[in-house]
Amino acid sequence: MSFKKITIAGAGTLGSQIAFQAAFYGFTVSIWNPHPDRAIRRLNKVQKMYKQEMGITDSDVKRAMKNIVEITNDMEIATKNTEYVIESVPENLEIKGIFYQKMCQVLPKDVILASNSSTLVPSQLVKFVDRPERFLHMHFANHIWKFNTSEIVGNEKTDKEVIDKVVEFAKEINMLPIVLKKEQSGYIMNSLSVPYLNAALGLWAKGVADPMTIDKDWMKATGSPMGPFMSLDAIGLRTTYAIFNAHAEDAAAKAIADKLKQMIDEGHYGIEAGEGFYKYPHPAYESADFLKV
């Protein structure tokens, strides 16, 4: 294996998924989270989704969970003997900066550091670390067991051997590694999907049509198996909000961000919450009559 032990820092929506995915494929994993009890609750949700969507058994879950050896809010304990840290703390430059400065104080200089940031690029975060040659981004999509790509990009000083090792790790946890030649806000996937989702969200925000109508029109006209609002529920509205809020100087983006924030504040932030634009676990689009005339 590429790493004997890895540490996931931040066990929110994606951090908990990354931790379980790595443990499921045999890696020894530790988790650092400011609130360990919340990390445990997140992992319990992830286990249920894996069982529902991947068909894994209780014994598979137990085997994976045995590989998660620590869940702690102590950085020194979480990173003891670790070789790779993946940061997945809230999508905020100040929060991430404080995290890296604290993490680098306890982390041996040979440990590789990666960010799972959705909207920030390596050049924005590398100033906070003490090992630019061992720092890169490794970006995952929500529901990583299903949408299993990992977008990987270094900063100007990242060693090639570090990129190669992280690519190897991605393959070992059943991810398709997508290596970017240079940094790009939104990487490849979000750079392609944001304009599409922006158009759908713009129609909704302006009151042109409701999400279900927009999804039906798109699916019927293009033959796509998913509409934009189905995708948004899978991505998670908190991630989507972060992307649009990052461009809040634009009036249209701000209008979308404000409407998303209202949904999030009401607890409707996607599949994992049980409700987003659709209600789960049995959304309307699962009906055989969804696209019938």
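For all residues, glycine too, the Cβ spot is worked out from N, Cα and C.
The annotation domain '3-hydroxyacyl-CoA dehydrogenase NAD binding' is assigned in TrEMBL to 5-181.
Other Cβ atoms within 10 Å of the Cβ of H139 (site 'Important for catalytic activity') number 23 in total over all chains. The site 'Important for catalytic activity' annotation in TrEMBL covers H139.
Per TrEMBL, domain '3-hydroxyacyl-CoA dehydrogenase C-terminal' is recorded for 186-280. Helix, strand and coil residue tallies for the domain '3-hydroxyacyl-CoA dehydrogenase C-terminal' (186-280), in that order: 64 helix, 3 strand, 28 coil [DSSP].
Here the domain '3-hydroxyacyl-CoA dehydrogenase NAD binding' (5-181) has a mean pLDDT of 97 out of 100.
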